[in-house]
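Here is the structure we will look at, set down as structure tokens.
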Amino acid sequence: MAKEKFERNKAHINVGTIGHVDHGKTTLTAALTRVSAEVFGGDWREFDTIDNAPEERERGITIATAHVEYQSEERHYAHVDCPGHADYVKNMITGAAQMDGAILVCSAADGPMPQTREHILLSRQVGVPTIVVFLNKADMVDDEELLELVEMEVRELLNEYDFPGDDCPIITGSALMALEGKDDNGMGTTAVANLIKALDAYIPEPERAIDQPFLMPIEDVFSISGRGTVVTGRVERGIVKSGEEVEIVGLKDTAKTTVTGVEMFRKLLDEGRAGENIGALLRGTKRDDVERGQVLAKPGTITPHTVFEAEVYVLSKEEGGRHTPFFKGYRPQFYFRTTDVTGTCELPEGVEMVMPGDNVKMTVTLIAPIAMEDGLRFAVREGGRTVGAGVVAKIVQ
């Protein structure tokens, strides 16, 4: 049987369900596929096939994730759903499932619970741009005032973590009803269809990598006699053209130079684009002025920093991580893009130690500056062995 052709003409958006255990994330995920399939065709997924998500290894971390897809008028959605709370934590911190927006599922019968809060906090820390809310199990609540109260609580919680709680769309309904193809008082299929409309309206289309300012992590440096210095790497975003000025950022003082040529597979090109492995010839740059771990970037678009707040997941013993906890003053290496830099960890007040398998907010001070911005992912390593994964939540200096 021939594979169905992937529709390129619709914008592609990555989303995921977040929220407290048993509030209906997986049921809603299944309902979304059903409601969308009935309008736009495509397959709909049964609850069980999503709930028994296969485990994947992402950078040595075991994460169980279900991937489903569905469509709306304008868009093609790729949606991730995780069976367990720990899987969410790992997924969001490693960026294994990059989300352009999240669907927060909250039971109208229970209101916000501890993981509701934790997932909103995580979304803030890892830079999920937007949240749309589905108040689930509304068919179990007879009291209109109670629904309004829960909605108010959710909005306050979003505001608390710097999301625009007053403007976030909140759709009220029953995922189970929609999954069973029912629609009493518009709470089933209609509510889920409205949720899809809210995703369309409220989650902005992400800027494609090619349209962002140029950045290339430097992997290798060569000196070619008579030509100068060539740096190689994979262009992370943007385009670099021959003749353009770039900055070399990180590890040392920022330096400006000009790209006098771009090569790929030993052929000269006019430009290097996001996703391509290229060599860039730099004018007047000595072999010793550049090193692996720095980045080549469009001038003024990224700056070097040494102190930042991060959200870190510490690998469990089973994942090949540490067997023992660590304490404040812990000094591992932080692997950014292509290189390790040693740094010291400061733990939040009241946190004395961090156990393998935990996630923790920490402030890190590096011994050398790295080109960084909020949302940058890194690995925590000890002598080349990965013991954690993290994301820059906020740059301090």
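Note: Cβ is positioned from N, Cα and C throughout, glycine not excepted.
As recorded in Swiss-Prot, the features of this protein are as follows:
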- 10-207: domain 'tr-type G' (DOMAIN)
- 19-26: region 'G1' (REGION)
- 19-26, 81-85, 136-139: GTP binding site (BINDING)
- T26: Mg(2+) binding site (BINDING)
- 60-64: region 'G2' (REGION)
- 81-84: region 'G3' (REGION)
- 136-139: region 'G4' (REGION)
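Feature map: Swiss-Prot annotations on the structure.
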residue: G19; record: GTP binding site; CB count, 10 Å: 26
residue: D22; record: GTP binding site; CB count, 10 Å: 13
residue: K25; record: GTP binding site; CB count, 10 Å: 28
residue: T26; record: Mg(2+) binding site; CB count, 10 Å: 24
residue: C82; record: GTP binding site; CB count, 10 Å: 24
residue: H85; record: GTP binding site; CB count, 10 Å: 14
residue: A138; record: GTP binding site; CB count, 10 Å: 22
Report, in whole Å, the straight Cα-to-Cα distance of C82 (GTP binding site) from T26 (Mg(2+) binding site). 8
Please count the residues of the region 'G1' (19-26) that DSSP assigns to helix (H, G, I), strand (E, B) and coil. 2 helix, 0 strand, 6 coil
Sort A138 (GTP binding site) into helix, strand or coil using the DSSP assignment. helix
